[in-house]
Amino acid sequence: MKENFSIMFIHSIFLILIIFIYSNETIAQVTDDENCETLQSEVHITKDEYDEIGRLKRTCSGDISVTKCEGFCNSQVQPSVASTTGFSKECYCCRESYLKERHITLHHCYDADGIKLMNEENGVMEIKIREPVECKCIKCGDISQ
């Protein structure tokens, strides 16, 4: 009777251990998904231009489509005897891994009095922007990339 109880007890512990391991693997699979991607976004840009003595010469604006990084990355905090805080942190952020320069033309230009500029020379403004070409999960605070 005592041996049967011991065998049943061992089988029960073994079954609980298997369920625990399976549950942890399932949780790891669910939280292991990263979703960091490059998406299109519409933004409104306004740029002021000043003369040599600092007076407003013209203001130009426009709505343009640009790329942006959006999504989430895996991060974790776990107990650590090596760390002074008692925890080891690994944080990752969805950021640009490569930027490209792009020339944009703003078509709505106004002088300092708010009058729309129509001539070819002042009616448009060329500006340069930098936008992400590729996004990925990068260690948070790492500005080298």
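Note: Cβ is positioned from N, Cα and C throughout, glycine not excepted.
Swiss-Prot lists a disulfide bond between C36 and one candidate from C93, C94, C109; that candidate is C94. Swiss-Prot records a disulfide bond between C60 and C109, which is the match among C91, C93, C109. Looking up C137 in Swiss-Prot gives a disulphide bond whose other cysteine, out of C69, C73, is C73. Take the candidates C135, C140; Swiss-Prot pairs C69 in a disulfide bond with C135.
As annotated in Swiss-Prot, C91 shares a disulfide bond with C140, one of the listed residues C93, C140.
The separation of C60 (disulfide bond) from C36 (disulfide bond), Cα to Cα, is 33 Å. A mean pLDDT of 92 is what the model gives for the domain 'CTCK' (36-131). Cβ neighbour count for C91 (disulfide bond) (all protein chains, 10 Å cutoff from its Cβ): 13. Of the listed disulfide-bonded residues C36, C69, C109, C137, C140, the Cβ environment within 10 Å is emptiest of other Cβ atoms at C140.
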